[in-house]
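Quick notes on the structure that follows.
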Amino acid sequence: MILTQDGWGTIIALIAAADGDISGAEDALSAALERAVSAWREQGPPANPEGWLYRVALNARRDVWKSAAARTATALDEEMIDRIDGSSGSGADPADHDPDALPDRRLELLAACAHPDIDPPARPVLMLSAVMGMTARQIAAAMALPAATVSARLTRAKKRIAGLGVDFGSPDRLDLESRLPDVHETIYGAFAIEWAQAAAQPREGMIGEALYLSRLVAQLCPGDGESHGLAALIHLSAARFPARRSGDGRFVPLSAQDPNRWDGPLTEAGERHLVEVHRCGHVGRFGLEAAIQLLHMAGIRTGSTDWPMLLRLHDDLGQIAPSLGGSVSRAAVLAEVNGPAAGLAALDALDADSPRPSAFQPAWALRAHLLTRLGRTEDAATARQRALDLTTDPAERAYLAGLT
Amino acid sequence: MRYALVFHAPELTPDGPQPSEEGIQEMMRLMDDYAAALNSAGVFVAWEMLAPHSETKTVTRRTGEVVIEDGPFAAAKEALAGVVVIDVPDVEAALAWAEKFPGTSYGTIEVRPAATSFVDGTWTRPGDGPTRSGDCPSHPDGSS
């Protein structure tokens, strides 16, 4: 591996920030990587490989700008080149460039990938390509999409960004912070991908990539509570991934999971990010969801769950980010605090408010569970059948069917 | 009640973009998973993926005599590519399955209720009762 993922994103961010052309920056870096293969074989790798690659890629890019300027007869935008040249002299030997001195402009690149003008489904795809250097093929495999679909989305999205021009590289910190929620949503979207298939087996998908991106944002915005909240949520969720299915592929609900099958280092990383959330003093949607998950996990590990605290967290979450899924979870917690009848009443209230509650499988599964606890066996069976009708995953169906 | 999941997708043309062998294998695997899920849920009735429209014959006797022609008259950008018939209680369940159809990543699924179906030698309508045994389409609150 000539270049790390960090190195790829850093160099692309620097070069693309000049004119907003991500494709151009990728072509230039690819050319530099090609040159590195032969140059480094002959002369040995330079002391600062990233600096070398940056400088060579930048030179390749400048050649394109110059020829474009010559072709269109418009004045060459010297300012544009100066902007990324920074203090280093243009004649300097690439090998002399200090990689530690490469400014990190990946936050701007992340914000560009999550730009409101880009179609939401294309945003994570763009991030994986521009920030992490994944190919369309690799992304297609991770998302279980046809490679042609991914390529088309990428091309369209990169054109859009190029159309934004230098605005994408806005160095205005305040402006960047206002765009963080879109960055968070995009990374979470890459993680909590709604599998467009009736998968017989859970897929790893883009868990590794989402972990990397969430760590990156938290690292680039160490004072932002929600960035740490997102990292905490993704790490804690990913930690439980191996425990979601038993050895023979059966579905295992959270409450029945074996904590020993949770990933220790990921859990600890999630806990550390949650500590950072509190240090930052700002708890948002992702921070709350992470705290809820950690409380559930602690409860399962110790055998005693702090339901009243969970209810408070759910109430807060409902305030700042109401959602159907969140309301159903809250009803489940309410049933633990005030009894199944209270949970059922909350579900009924939900049905009255939502446009399509009758199609929401988790609501029916919870209803079946609460009706069973109330001894209303017949009603419970009806609700369970309804949940089954809406469940496509065979493992989940088998689990629901076994609850009778 | 029976629903047809009618799948439309762009047809491959010799000069258009070709899917990779890897991509085809992956899609076949996803389709296979989907068929297995339909089967294990007990909602499967039939599934036909169709040959390209160039291999289609059209038959009509509208003019009084039998006319057989090659292909449909107009080639649309998206052509009928397949039909999956499932037997589920209502449109919400049909939609839940349609959402998971792997081909939606490159085509469109139309969810169409059957008006009447010829099952086991007789015509049945949705109102005649469940077309599959063990069906339980009722809801506690009467909504659907």
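Cβ atoms here come from the backbone N, Cα and C positions, even for glycine.
Copied over from TrEMBL, here are the features:
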- A:122-161: domain 'RNA polymerase sigma factor 70 region 4 type 2' (DOMAIN)
- A:179-276: domain 'DUF6596' (DOMAIN)
What average pLDDT does the predicted model assign to the domain 'DUF6596' (A:179-276)?
86
For the domain 'RNA polymerase sigma factor 70 region 4 type 2' (A:122-161), how many residues does DSSP put in helix, in strand and in coil?
32 helix, 0 strand, 8 coil
Sort the residues of the domain 'DUF6596' (A:179-276) into helix, strand and coil with DSSP and give the three counts.
65 helix, 2 strand, 31 coil
